Amino acid sequence: MMKVLVVVALLVTLISYSSSEGIDDLEADELLSLMANEQTRKECIPKHRECTSNKHGCCRGNFFKYKCQCTTVVTQDGEQTGRCFCGTPPHHKAAELVVGFGKKIFG
C-alpha cells in the first residue's frame, strides 16, 4: 500500500510539473501574440480618421472591423475629390444595437 501511495505522489508531482511548464510556454506564446496584435493596432487607422490611401487598414471596433467609407467632397475651387474615413456601416450599427439590447434584457 505504501509503494502505491509513493508512486501516485510521484505521478501527481510529475504531472503538475509538466503542466506548469506547458502553462509557462502557453503564457510566453500568448505574450508574443499580444505583442504582435498591439503592433497591428498601432498601425491600423482608428475610427473617423482618413483611410483614402489605405482602404483596408481600419482598426477593429467592439464587434466588427471598421470599414473604409468613401464620399465625394467638393472643394472651394469646385473640384470634386474622393475622401474616405473609417467608420461603422449601418448594418453593423444595427447588429451592435440588437446585441446591446439583448445584453440589457438577458443580463
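Cβ from N, Cα, C; glycine included.
Database features (Swiss-Prot):
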type     : residues : note
DISULFID : C44-C59  : disulfide bond
DISULFID : C51-C68  : disulfide bond
DISULFID : C58-C86  : disulfide bond
DISULFID : C70-C84  : disulfide bond
SIGNAL   : 1-20     : signal peptide
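Of all the disulfide-bonded residues listed here (C51, C58, C70, C84, C86), it is C70 whose C-beta has the fewest other C-beta atoms within 10 angstroms. Sequence-distant neighbours of C44 (disulfide bond): residues of the same chain at least 6 apart with a C-beta under 8 Å from its C-beta are G57, C58, C59, R60. Here the C-alpha separation of C68 (disulfide bond) and C86 (disulfide bond) works out to 4 Å. For C51 (disulfide bond) paired with C84 (disulfide bond), the C-alpha to C-alpha distance reads 5 Å.
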